[in-house]
Amino acid sequence: MQYQVDTHTHTVASSHAYSTIHDYIAVAKQKGIRLFANTDHGPAMADAPHFWHFVNLRVLPRMVDGVGILRGIEANIKNIDGEIDFFGDYLKQLDIVLAGFHEPVYPPSDKATHTEAMINTIKSGKVDIITHPGNPAYPIDIEAVARAAAEYGVALEINNSSFEVSRKGSEANCTAIAKAAKEFGTILVMGSDSHVAFSLGGFARAQAIIDEVAYPPSRLLNRSPSALLAFLAARGHETVADLIPLFSDDEPCC
């Protein structure tokens, strides 16, 4: 099954990634990806792009060769209050805001602190998707996080990269997250967390977990471009309005 949406990618603007926007578009066309989000790391990361990078994302075209591009960020959760490293009206210029824990910005501490920080991020209203919440370096109260995400309409990510090149040992946590999401009605999304274009749309390990717990396809944001765009519009991203008509006739892949 080929999903047509990938919400989590990094370009050479984050210097530990290796592909350009052009590279991603080329691979998207090859793989049948119709919509992807450009979500480079937030400015608090040492090798992240400058703040101006995110302000100027508006120069990216909406569609190139039939592939839609979302202008976004993977922000960093900075503290227990759930603050992130992007702010104010600038957030409104973005189509999609991801956020997660990253060791160089917010070192791991303990389960209670991680849980409070993640839930406060969810409650802030600034973040659409929590990235790699299954990271074993940051244990959380999974049920509490899933309940909060369901209540505030924030999606939790099943991060495919966590099973391949980073965050080793995430499988059990991600399975528990998927089960809790199924129970509490939490929205899930699969993210490739691609740092090279060849990984775009690579969801095999994440999909195996989704299938294992029989998570409802109707709540999975990857099911169609229109599903993701409707989610973002409902969360107040007026910037996606010009993309919505371009995908109005799409069909869910599952």
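Numbering starts at 1 and runs along the chain as it is shown here.
Cβ coordinates are placed from backbone N, Cα and C, and glycine is handled just like the others.
The Zn(2+) 1 binding site feature in Swiss-Prot is assigned to His8, His10, Glu74, Asp193. Summarising the annotation, Swiss-Prot assigns Zn(2+) 2 binding site to His16, His41, His195 and lists sequence analysis as the type of evidence. Look at Swiss-Prot and you will find Glu74, His102, His132 tagged as Zn(2+) 3 binding site, backed by sequence analysis.
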Checklist line | 10 Å Cα neighbourhood of Asp193 (Zn(2+) 1 binding site): matching binding-site residues from His16, His41, His102, His132 | finding: His132
Note to self: Can you tell me how many other Cβ atoms are located within 10 Å of the Cβ belonging to His10 (Zn(2+) 1 binding site)?
What the structure shows: 26
Note to self: Is it possible to get the count of other C-beta atoms within 10 angstroms of the C-beta of His41 (Zn(2+) 2 binding site)?
What the structure shows: 26
Next item on the list: Express the distance between the Cα positions of His16 (Zn(2+) 2 binding site) and Glu74 (Zn(2+) 1 binding site) as a whole number of Å.
Entry: 14
Margin query: Counting across all protein chains present, how many other Cβ atoms fall within 10 Å of the Cβ of His16 (Zn(2+) 2 binding site)?
Written below: 12
Item checked: Listed binding-site residues (His102, His132, His195), ranked by Cβ neighbours within 10 Å, top entry -> His132
Notebook entry, point to check: What's the CA to CA span in angstrom from His8 (Zn(2+) 1 binding site) over to His102 (Zn(2+) 3 binding site)?
Noted result: 15
Margin query: If I take the alpha carbons of His102 (Zn(2+) 3 binding site) and His10 (Zn(2+) 1 binding site), what is the distance between them in whole Å?
Written below: 15
Item checked: Cβ-centroid neighbours of Zn(2+) 2 site His16, His41, His195, 8 Å, sequence order -> His10, Ser14, Ser15, Ala17, Asp40, Met45, Asp47
Check: Where the distance is taken from Cα to Cα, which of the binding-site residues His10, Glu74, His132 turns out closest to His41 (Zn(2+) 2 binding site)?
Finding: Glu74
